[in-house]
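Working notes, beginning with the structure itself.
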Amino acid sequence: VCAQVETSPRRCWQKVLYERQPFPDNYVDQRFLEELRKNVHARQYQYWAVVFESGAVVQQLCSVCVFVVTWWYMDAGVLSPQGLFGAALASSLLGYVLFDAIDAGVGRRESGRTRWADLKSTLVFIAFTYGFSPVLKTLTESISTDTIYAMSVFMLLGHLIFFDYGANAAIVSSTLSLNMAIFASVCLASRLPRSLHAFVMVTFAMQIFALWPMLQKKLKARTPRCYVAVTVLFALAALAGLASVSSVGAVLFASLLLSISCLCPYCLIRLQQLKDNIHGPWDEAEIKEDLSRFL
């Protein structure tokens, strides 16, 4: 449809900049709103799919809970360092076998890493940590206990914030998340009675914050049903451990897990129905051509 103006009654407006036209700069014709589009890039979520994806958040919250409860047991003298180290070693061996059994060793063959290399890395880490455990024990003697606890809380919160839950976001940093968790473990281990306690605590932190998420990611990708079962069992174990320390804390933590895994997905789907993003000729231009050859 051609727009009519007094100066040029039959002239059609064209969406070009290189030609002088008898129209104001902000003029648009009747076709302007015909290009209006709504929710072009909106994603349709399914409730149980979102609940399944929330398992990564539940897993990491439970990992932090298990770590803190284990530290409390060690500090109270309920759990011996020898018992924790033996249990951690047995679970690590079981997880190592399961890690290869899930994909029948395909991932290992693709990476080219041998079991001998894994054994050497493990021995180096254990020897290094054990040798420096007296230093870790006395590292924060000049810092007050309240400050240590506050630093540990902030580091564990940062670990949860920056952890890689599978989202493609700029805030995600697996290295930063792991470093913050290990820093928190070093701070808490320095308040344990002996250097052996500090060594076992840091070793356990590496297992639960570095190795455990790797196994969970492979379970999630290869065997979703097993991943769901392990997530539920791990959450129940974390709640049972926390209940032995504080029943009120266990109730609050259970409410948090239920909110994240059940209530938040429901709210997301409900709010998604109210989404109303509009797109049209007023949007910024996007370059579709691949410009990587010019970089």
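A Cβ is built for glycine as well, from the same backbone N, Cα and C atoms used for every other residue.
Note: TrEMBL annotation is automatic and uncurated.
What TrEMBL says about this protein:
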TRANSMEM  47-73  transmembrane segment
TRANSMEM  79-99  transmembrane segment
TRANSMEM  119-136  transmembrane segment
TRANSMEM  148-167  transmembrane segment
TRANSMEM  174-192  transmembrane segment
TRANSMEM  198-215  transmembrane segment
TRANSMEM  227-245  transmembrane segment
TRANSMEM  251-269  transmembrane segment
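Remote same-chain residues near the transmembrane segment (47-73) are listed as 79, 84, 156, 159-160, 163, 165-166, 185, 188-189, 192, 201, 204-205, 208-209, 212-213, 216, 220, 224, 227-228, 231, 234-235, 237-238, 241-242, 244-245, 253, 256-257, 260-262, 264-266, 268-269 (criterion: CB distance under 8 Å, separation of at least six residues from the stretch ends). Taking Cβ pairs closer than 8 Å, the transmembrane segment (251-269) reaches residues 45, 47, 50-51, 54-55, 57-58, 61-62, 65, 235, 238-239, 242 in its own chain, all 6 or more past its ends. Within the same chain, residues 70, 73, 118, 194, 196-197, 199-200, 203-204, 207, 211-212, 214-215, 218 sit at least 6 positions outside the transmembrane segment (79-99) and bring their C-beta atoms closer than 8 Å to a C-beta of that stretch. If one looks beyond the transmembrane segment (119-136) by at least 6 residues along the same chain, the residues whose Cβ comes under 8 Å of a Cβ in the stretch are 186, 189-190, 195-196, 198-199, 202-203, 206.
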